[in-house]
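Asks: As annotated by Swiss-Prot, active site, proton acceptor applies to E272. For T38, G64, D65, G66, S67, V68, R69, D70, T92, the entry in Swiss-Prot reads ATP binding site, with the evidence type sequence analysis. Annotation comment: Swiss-Prot describes L210, D213, L215 as Mg(2+) binding site, evidence class sequence analysis. For 1-129, the entry in Swiss-Prot reads domain 'DAGKc'.
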Amino acid sequence: MSKKALLILHGKQADNQSVRNAVIDWRNQGHELAVRVTWEGGDAERYVREALDNGFKTIIAGGGDGSVRDITQALMENGNSELELAIIPLGTANDFATAAEVSEEPADALSLLNRPAQPCDVIRVNNHYFLNMATGGFGTEVTTQTSEELKKMLGGAAYLLTGLTRFSEIESAKGHFKGEDFEWEGDFLALGLGNGRQAGGGQRLCPDALVNDGLFDVAILPADMDLLAGVKELFDSEARQDPDQEGLFVRTRLSEMKIETPTPMNLNLDGEPIQNTTFQIQAIRNALRLYLPEGCPLLG
């Protein structure tokens, strides 16, 4: 059956020949595929609105986790749970797509449109939305302060290098976390709220998260000075594959949670930083329909 879709392509990928070839091949199969290229902030959201006004129900995010977040935000603001999202991973880390096992080959990623789209959750933080993960504390500083030049040269390893060079500057944050049958208060070094499983270039903060369970996974790394050595171990290759090997994290799984902090805290939503002293988090079940590969580990 012919598909009608809009590909919103990150401006840095405008000359990507693999993407161009995949688009041409897809069109030659009889599908209608329009392409828009972003130039500045706000373009992705504007293109989504224009697409929906013109009868498109399927949007393809051609970019990294930030592009996926921008498009997810625009789709959620529309309020239609029948809208469909596909991903062509073209960013530095591609954390959500990597955990979902979406191919980085544009033609293969585009071919997922031949499969049924799966109902998936989106997480709301105050009036913002994200698909993959929100991070706070030290992990947020690493992600937001890693230079674009370093990311271009080293890919996901850039986040690791930034974390190691800033290790002596680690400062904890203080917060009060409350949800159904869960309450925790104290100083923490890192926080992950996961619909997906990893962030910051492969750090698996929420290794068991699912995108279709109506919940988000919570991972809190307490600021216990005796565990600082364990924090450093999170940045070596072995520990990065199993961050719970030392039992460092406080973990739970919730549909709603409130975070309160005595001073403004930065929370990074798939690359988009927001700042507040109160965060109301909610999992919105079956908010969007995603094109994911067969056997996707993020589906329960």
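Every residue gets a Cβ built from N, Cα and C, even glycine.
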Asks: Among L210, D213, L215, these being the binding-site residues, pick the one whose CA is nearest to that of D65 (ATP binding site).
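Replies: So, of the listed binding-site residues, the one sitting closest to D65 (ATP binding site) is L210.
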Asks: Cβ within 8 Å of the ATP site's Cβ centroid: which residues qualify beyond T38, G64, D65, G66, S67, V68, R69, D70, T92?
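Replies: Surrounding the site, in chain order, are H10, A61, G63, I71, G91, D270, G271.
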Asks: Limited to the domain 'DAGKc' (1-129), I'd like the whole-number average of pLDDT.
Replies: 94
Asks: Please work out the number of neighbouring Cβ atoms within 10 Å of the Cβ of T92 (ATP binding site), leaving out its own Cβ.
Replies: 21
Asks: Return the count of C-beta atoms lying within 10 angstroms of the C-beta of R69 (ATP binding site), excluding that atom itself.
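Replies: Taking all protein chains shown, R69 (ATP binding site) has 24 Cβ neighbours within 10 Å.
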Asks: What count of other C-beta atoms do you get within 10 angstroms of the C-beta of S67 (ATP binding site), across all chains shown?
Replies: 24
Asks: Highest CB neighbour count within 10 A among the binding-site residues D65, D213?
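Replies: When each Cβ's neighbours within 10 Å are tallied, D65 leads.
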Asks: I want the residues beyond L210, D213, L215 whose C-beta is within 8 angstroms of the mean position of the Mg(2+) site's C-beta atoms, in chain order.
Replies: D121, A209, V211, N212, G214, F216, D217, R253, A283, G300
Asks: Please list, in sequence order, the residues in the chain of E272 (active site, proton acceptor) that are at least six apart in sequence and whose C-beta is under 8 Å away from its C-beta.
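Replies: Expected: G66, R69, D70, H128, F130.
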Asks: Using Cα coordinates, what distance in whole Å links T92 (ATP binding site) and L210 (Mg(2+) binding site)?
Replies: 23
